[in-house]
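Enquirer: Input: one structure, supplied below.
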């Protein structure tokens, strides 16, 4: 398809021979001379050129024509002083006309553009004058400089994509043709992150019969896919195909990536077939993209299928291929298989990199397998692969979580010795390790070192220390740290408040807990079931059962949070602890009516409550009720009720419980025999006591000193 169109009649231009012109040294600092450079425009005078509204007439006046002649003559003569005197009288039309006169002598055109840039940085250009200058620079292969001018047009407010294209097109035939200017326009839109505008400019160019190169099209398509505008990318792709621009493998890979991003992997095969019909065949990037997408979706069989098919297509799996497979396996928890793939990779002569080992390290450390983690880390070092912060944070973390503080510190010191600067993630891991082990003094020392090293404490670090302080009941310190956190502009999150509420509930300070709860809701942080369970448990522990139920039914349920089994078991335990098993029984009925099914813990708690109140009949009834609901009493259930009968000297009922549990296939434990022996001893029935003692020995239990 022809890439030229006449939009304006070409004026008659007289061309004269001129001497060669040397570009001023100004460009040595401000312009990139690479003809293939499409980097971001340099920060020089071209970027500060101002633009004005397009002139109402495209024909220069008589005075302008006279000025054009004088400037053109001075350019040919190399009379710089005269040229500078004329510059203050310039307007956009004069610039265009002078550059038209320089059509056959690019050096003169460049000289004029350079003079404008050097001496008129604040000149108010029109889109057409900028277009004319850009054309001269493109024809001179000064693409980076031309891009600066096009970028000015792109950023000009109130100018549509159609106007920019029109100005570039309209000036073409008067200044000499070079289609690179349209490539540059599309690339400039992409680099300026104006992808929608770039897509529209591409459509306008196509509608006028102009085409850009496939490389510029790929730049636009790649930009659209990168930001997730996949639908628009397919629209532009359709325009590219209809323009009969020759596609290449880069186009193929961009659109395969688009399908994968859009979770349409199943459509890839049909797309590849269509591309093969166009003479474009997949390469290793295509395979890697597919493998990565399959692994991301957890479709490991499909990923292996693609990798295994690569040699048949003349493609050799590379480092990226194996890293994607190993990452996919680790994400699915298949560490052993990932290790096998690593061995296969080594057999094929490929060297793993930091990313390979980090993937394995992160997974094995997540499993808290210290020995394997250390083995992987040492193998990494032996192969000359340099660990990074991710490597060290993983190995330090696994040691700290499992209480091996000294080994963690050894790695911490070796990390610093290797020249790596610990970040707040590393310090938070170390602080968390000390907090988990209750060594708050060391945790706070590590916090001080962290701040001295210039690291900033974020909400995660604060939450870690707050959790440690609350665990150790250092609530005054926790309160002070919370205030410091707020003063430093770190916003407390859901976890911050839940941690503090839990700490004060454990301490029995329900007023402080409620104050924190109110502050939390005022900050638009929605409490979840864990927060409510914590408060309910706190009220139950201090015996304020009415407040616990009020919080449950009036606050929690009304906000649409359904009580969990943990919530209900907490309330039942609270009533039983308060010596009010009948109230707990009532709550059980209410909980059933609300659709919360009890479990063995529910019944065991309630049975224990009745046993403590010496209401054995009620406790025994609950066993039958429990069985009717499909819940089978366990050794704890039988232990509780048998112990209750023994304490009341009702040894026959206690023995019935023993035989019943054996019938049900529940094996008695040592504590049960101890209760029976003590019960018979208290009744001076030593014969029965020794009988159960012998039976206890036969079952392999060793008596203790509790009878």
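Cβ coordinates are placed from backbone N, Cα and C, and glycine is handled just like the others.
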Enquirer: Which stretch does TrEMBL mark as region 'Disordered', out of 31-61, 62-92?
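Expert: Result: 31-61 is the stretch TrEMBL calls region 'Disordered'.
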Enquirer: From the DSSP assignment alone, can you count helix, strand and coil residues within the repeat 'PPR' (248-282)?
Expert: 26 helix, 0 strand, 9 coil
Enquirer: Do any residues, 6 or more residues outside the repeat 'PPR' (564-598), come within under 8 Å Cβ-to-Cβ of it, and if so which ones?
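Expert: Apart from its flanks, the repeat 'PPR' (564-598) reaches 529, 532-533, 536-537, 539-541, 543, 545, 548-549, 552, 556, 605-606, 608-610, 612-613, 615, 618, 629, 631.
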Enquirer: How many helix, strand and coil residues does the repeat 'PPR' (528-563) contain under DSSP?
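Expert: DSSP composition of the repeat 'PPR' (528-563): 25 helix, 0 strand, 11 coil.
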Enquirer: Any residues 6+ beyond the ends of the repeat 'PPR' (388-422) with a Cβ under 8 Å from its own?
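Expert: Those are 354, 357-358, 361-362, 364-365, 368-370, 373-374, 377, 380, 429-430, 432-434, 436-437, 439, 450, 453, 455, in sequence order.
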Enquirer: Grab the pLDDT values for the repeat 'PPR' (353-387) and give me their mean, rounded.
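Expert: Here the mean pLDDT over the repeat 'PPR' (353-387) amounts to 96.
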Enquirer: May I ask for the residues of the chain that lie six or more residues beyond the repeat 'PPR' (634-668) and have a Cβ under 8 Å from a Cβ within it?
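Expert: For the repeat 'PPR' (634-668), the sequence-distant neighbours (Cβ-Cβ under 8 Å, at least 6 residues beyond its ends) are 600, 603-604, 607-608, 611, 614, 616, 619-620, 623, 626, 675-676, 678-680, 682-683, 685, 688, 699.
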Enquirer: Using Cβ atoms and a strict cutoff of less than 8 Å, what residues sit near the repeat 'PPR' (213-247) while being 6 or more residues removed from its termini?
Expert: 1, 179, 182-183, 186-187, 189-190, 193, 195-196, 198-199, 202-203, 206, 254-255, 257-258, 261-262, 275, 278, 280
Enquirer: So if I exclude everything within five residues of the ends of the repeat 'PPR' (493-527), which remaining residues of that chain have a CB under 8 angstroms from its CBs? That is, six or more out.
Expert: 459, 462-463, 466-467, 469-471, 473, 475, 478-479, 482, 485, 534-535, 537-539, 541-542, 544, 547
